[in-house]
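Novice: Residues annotated as domain 'NADH:quinone oxidoreductase/Mrp antiporter transmembrane' in TrEMBL: 23-287. The annotation domain 'NADH dehydrogenase subunit 2 C-terminal' is assigned in TrEMBL to 290-343. Marked as transmembrane segment by TrEMBL: 57-76, 96-115, 152-171, 178-196, 202-219, 240-261, 281-304, 325-343.
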Amino acid sequence: MNPHAKLITLTSLILGTTITISSNHWAMAWAGLEINTLAIIPMISKSHHPRAIEATVKYFLTQAAASAMILFASTTNAWATGQWDITQLTNPTSCLLLTTAIAMKLGLAPFHLWFPETLQGSSLTTALLLSTLMKFPPISILLLTSNSLNPSLMTLMAIMSAALGGWTGLNQTQIRKILAFSSISHLGWMTIIIIYAPKLTLLTFLLYTLLTSSIFLSLNSSNTTKLTTLLTSWTKTPMLNTALMLTLLSLAGLPPFTGFLPKWLIIQELTKQEMTPTALTIALLSLLSLFFYLRLTYFSSITLPPNPTNQMKHWYTNKKTNSTIALTASLSIFLLPLSPLILTLT
């Protein structure tokens, strides 16, 4: 991509995100979401591959439908209440429409089918943006309207996301699709607690962004997109693969890594709200996701490729590991002892 076009695209992404998360008026929030959508489309389609074009069309149609629904929900609410303030969402029909629209924007089940296909057609860098930065504005709108949302509907969508995200990711061989289903599963954890503890949802999203960034940057450094390629990467970059293995275990939510903190706090909060069966259900459903995280871990570090191998041999490079990868990987693994400080800050 042309450097000037890349600069304009990244600036528009930052601008759109900032407008949405800082606005109280529905029109401004909607405008920020539209800027984001239009900015990410050239990044998805820049490879000019048929799969990239297909991913771009799917992304555009889904986001356009969701944006139209947000506009319709906000207009209906303003017609009924005379308020354009995001926090004054009181009309039941508008609440239902907004929940559906944000679920489409985020890729929550049952509106999740576009997300794995879009990530598969994108580059690893664009997939990172779609999994992290592009989800921040819709989540900020959910946080602002959390008092008006339907608890039963949010719980149902969260359980469905955790179940489908884990179940459909079991037989995947493409790493981007596995991480897409991982994102859907984590969105279920964020959604189930948003009504009872919005700050906990924000903490979960920030830690998920940190973990996912570390994984995508590591995969991008070794140019790994398939499990078969991951199988042969240990001999090239053993230290990077070790960090990747530990970050994957952290993303799975295993102690004593950073990813255990949000799941522990969410289960604790659900128990306080007398939702013990719900907490038990979503904890058991996370075992499905744990299987494909362990599968990725097994492929990345515990197995060594046979000699000779049928895979195309990658040239060994002496390039140093990026300091950003080292920082994000370290934070992804070692933040759990600092959990009292994190809880104090939130």
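Cβ coordinates are placed from backbone N, Cα and C, and glycine is handled just like the others.
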Novice: Considering pairs 6 or more residues apart, do the transmembrane segment (178-196) and the transmembrane segment (325-343) have at least three CB pairs under 8 Å?
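Specialist: Since fewer than 3 Cβ pairs under 8 Å link them, the transmembrane segment (178-196) and the transmembrane segment (325-343) do not come into contact.
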Novice: Which residues of the same chain, at least 6 past either end of the transmembrane segment (57-76), have a Cβ under 8 Å from a Cβ in it?
Specialist: 26-27, 29-30, 33-34, 37, 40-41, 44, 84, 91, 93-95, 97-98, 100-102, 104-105, 111, 114, 117-118, 141
